[in-house]
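Visitor: Per TrEMBL, the features are:
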{"type": "BINDING", "residues": "ASP22, PHE23, ASN24, ARG37, ARG90, ARG123", "note": "substrate binding site"}
{"type": "BINDING", "residues": "LYS173, GLU271, GLY297, GLY298, ASP299, THR300", "note": "ATP binding site"}
Amino acid sequence: MKLISELTEKDLSGKKVLLRVDFNVPVENGKILDTYRIKAHKETIDYLINCGAKLTLLSHIAAAESFEPLANQIKEILGTEKFYLYDNIRKYNGEETNDEEFAKGLAKSFDIYINDAFSVSHRNHASVVAITKFLPSYAGLLLTKEFENLKKILELSKEGKTLILGGAKISTKFPVIINFLDKAENILIGGAVANVFLKANGVDIKKSLTDDKFLSEAKKFLGNYNIMIPEDYVFFDDMILDIGPKTMEKFSEIIKNSKIIIWNGPLGKAEIEKFSYSSKKIAEAIISSNVFSVVGGGDTIVFLEKISLIDKFDYISTGGGAMLEFLAGNKLPGLDALKYYDA
């Protein structure tokens, strides 16, 4: 795997560089709501500009048709105008099918390709995978930080390692639980993921969000591994929308005695203030403990930004699905294309 840090000013000066970033941010009334993901690429962007590269940024966005009305905001967030911003890449047919002809056309105007978008590296898309066949390809500074931090977590011994999983996306969390059964001392479960375990344990979860496909797996895990599920919870409109105070206390105690915390997904419906209490308290428990903490997932990042605690953690991963895939032990196509897994 080749890293951007190996490229000098001599290598980059005057070169046309295509940088894959992830600017897929929420937008409301034409205003970018979450700047964290954009700012995360600033180090790589500044490095390339300072080395004299002619820089084009490439991303997709779901909340807008085009980047055109957002370009000035993005330049302001990054503190520079010295780049060209390509249009929303997912507007083009060949992107999501990883079409090689499309990638070849995309590559022809450039000298170097750099992937800095860990958060889309679990996608088998043309601007992430196929393009590496047509240009000398490197990992950006952000991408490198991401896999180095997550790899370290997987390799550290299980003693004192605590995994906290919440959020609404149940299917992405179970492979991580399976991979961490022998890699973490504690697995703390909240959010909709907890509802599956509660139902498997005979609790009437009423209308709560769940996924019955994972019931038999949840039953198998209960009592056999160090998985902690809520013992009390907050019901509203016949739905469990947060964990209760007893559970929060137990989780906080485990966090206090941990050495490493990996957290992905809020423990309640944190976008509604009255159901965000446990997520805030857990965040505070992690911060006040002398523990190395890695946090990821779009909803978690948005929540931590909202309560102004995002800069209190040791590492914030920009990857939601990509972080979970990596932690589940799966190969990420974007990393594979850069030869990360080669011996």
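Using N, Cα and C of the backbone, Cβ positions are placed for all residues, glycine too.
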Visitor: Looking at the binding-site residues listed here (ASP22, ASN24, ARG37, ARG90, ARG123), whose Cα lies nearest to that of THR300 (ATP binding site)?
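Guide: Spatially nearest to THR300 (ATP binding site) by Cα position is ARG37.
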Visitor: What's the longest C-alpha separation between any two of ASP22, PHE23, ASN24, ARG37, ARG90, ARG123, the listed substrate-binding residues, in angstrom?
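Guide: Answer in Å: the longest Cα-Cα distance is 18.
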Visitor: Rank the binding-site residues ASP22, GLU271, ASP299 by the number of other Cβ atoms within 10 Å of each Cβ and report the first-ranked residue.
Guide: ASP22
Visitor: Roughly how wide, in whole Å, is the group LYS173, GLU271, GLY297, GLY298, ASP299, THR300 that binds ATP, by largest Cα to Cα distance?
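Guide: Greatest Cα separation within the listed binding residues comes to 20 Å.
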Visitor: With every protein chain in view, how many other Cβ atoms are within 10 Å of the Cβ of PHE23 (substrate binding site)?
Guide: 21
Visitor: What are the other residues, in sequence order, whose C-beta lies within 8 angstroms of the center of the C-beta atoms of ASP22, PHE23, ASN24, ARG37, ARG90, ARG123 at the substrate site?
Guide: VAL21, SER59, HIS60, ILE61, ALA117, SER119, VAL120
Visitor: How far is it from ARG123 (substrate binding site) to LYS173 (ATP binding site), counting Cα to Cα, in Å?
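Guide: Between the alpha carbons of ARG123 (substrate binding site) and LYS173 (ATP binding site) there are 17 Å.
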Visitor: With every protein chain in view, how many other Cβ atoms are within 10 Å of the Cβ of GLY298 (ATP binding site)?
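Guide: Counting Cβ neighbours of GLY298 (ATP binding site) within 10 Å gives 22.
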Visitor: Per 10 Å Cβ neighbour count, which of the binding-site residues ASN24, THR300 ranks highest?
Guide: THR300
Visitor: Is any of the binding-site residues ASP22, PHE23, ARG37 within 10 Å of GLY298 (ATP binding site) (Cα-Cα), and if so, which, in sequence order?
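Guide: Of everything listed, what lies within 10 Å of GLY298 (ATP binding site) (Cα to Cα) is ARG37.
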